[in-house]
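These notes are about the structure you will find just below.
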Amino acid sequence: MGSLARAYGRPLASVIAGIAVLWILILILVPLGAMVEQSLWWREAKGDVSLTIDRLYNDISLIELDRATETDPAKKAAFDQSIAEKQAEIATLEAQEKDPPKTYGLANFTRMSGLHFYIFVRTIFYALLVTALALIVCYPVAYVVALASGPRKAIILMVALIVPYAINELLRVYAWLMILDYRGVINGVLASMGFIDLDAREWIPFLENPSAVFLAMIYTYVLFMVFPMVNTLETLDRNQIEAARDLGASTLRIHRRVIIPHAKPGIAVGCIMTFMLSAGSYSVPAIMTRGQGGDWFSQLVYRQFYESNNWNMGSAYAVSLLVVCTAFILLMMRLFGVGLRDIAR
């Protein structure tokens with residue numbers, strides 16, 4: 001706040017800080033708090049409520065019969081009081097049956113079925129694999145753009161990376177679907193060369209293999225891995241590379257001892273963004289597998305909310321995924337030895 005006040009003046013700094021606080025509060029903390037609160041309770045009607053209500057109605061009928069034959073006013077008043085008490089109890093039980101009270105606990109998390117837990121673990125593993133593959137693919141690209149090319153060539157490469165992302169994400173995913181589909185481009189080329197017969201349904205089932213999802217995800221989220229590394233590598237003094245080369249260091253050793261240590265913040269940010277986007281992706285696995293390659297955990301979250309209409313369980317699933325993503329962020333910061341300030345730079 002002090003640096004903002006010195007740079008922009010106290011009034012403008014207060015406005016900027018207020019907007020930031022509102023942004024964090026309205027768009028992050030309030031929705032997150034609501035989701036966490038929703039995940040910690042459930043409504044569960046007791047199975048014997050209906051039987052108790054029926055029994056009370058029968059008791060009222062019997063009391064009314066006894067009252068009808070009773071001549072003593074005092075006993076009639078006692079019968080009336082008993083009927084009123086049972087009617088009040090019935091009203092309370094019917095309200096509970098219609099709108100059961102909230103019960104707080106961790107049951108929404110522990111009720112995850114074995115199949116859903118398997119899908120959860122598999123999704124995390126696949127997201128880790130996508131992140132690792134994206135890092136392997138994108139590191140050379142980031143190196144070439146930031147260090148191994150001149151300014152003009154770097155601009156051309158950056159434009160070549162950015163232009164495809166002017167197209168909507170769904171269209172880019174469907175483009176890969178057209179390439180890998182049963183009667184897609186690759187199978188069509190193989191059929192024209194006589195290797196397979198599409199009429200006999202002898203196509204290669206790319207869409208039934210997780211590799212199709214991995215490929216589409218890497219293509220979809222490549223910029224989120226490349227850009228942080230490019231931004232970090234551009235700050236590296238090239239004289240350090242030349243000095244290491246003059247001292248006889250091999251290319252591999254230069255990368256391992258000079259370039260990669262400097263690029264750690266960018267690698268950490270790229271891995272964090274790619275992992276979180278992959279773990280929470282819905283459209284890519286839904287489109288690329290057509291339901292044939294197994295569900296992604298985000299699809300289960302969607303179904304809990306909008307098909308099962310179980311917002312409590314859906315919130316618990318979403319919070320579980322959020323916890324894993326948060327743990328991954330902390331792991332990357334610890335693994336690469338960077339802090340929030342390093343990542344922000």
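Just so you know, glycine gets a Cβ as well, placed from its N, Cα and C.
Unlike curated records, TrEMBL annotations are generated automatically.
Here is what TrEMBL says about this protein:
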- 12-34: transmembrane segment (TRANSMEM)
- 120-334: domain 'ABC transmembrane type-1' (DOMAIN)
- 124-148: transmembrane segment (TRANSMEM)
- 155-177: transmembrane segment (TRANSMEM)
- 212-230: transmembrane segment (TRANSMEM)
- 266-288: transmembrane segment (TRANSMEM)
- 316-336: transmembrane segment (TRANSMEM)
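For the transmembrane segment (266-288), the neighbouring stretch richest in Cβ pairs under 8 Å, chosen from 12-34, 124-148, 155-177, is 124-148. The stretch in closest packing with the transmembrane segment (155-177), judged by the count of Cβ pairs under 8 Å and taken from 12-34, 124-148, 212-230, is 212-230.
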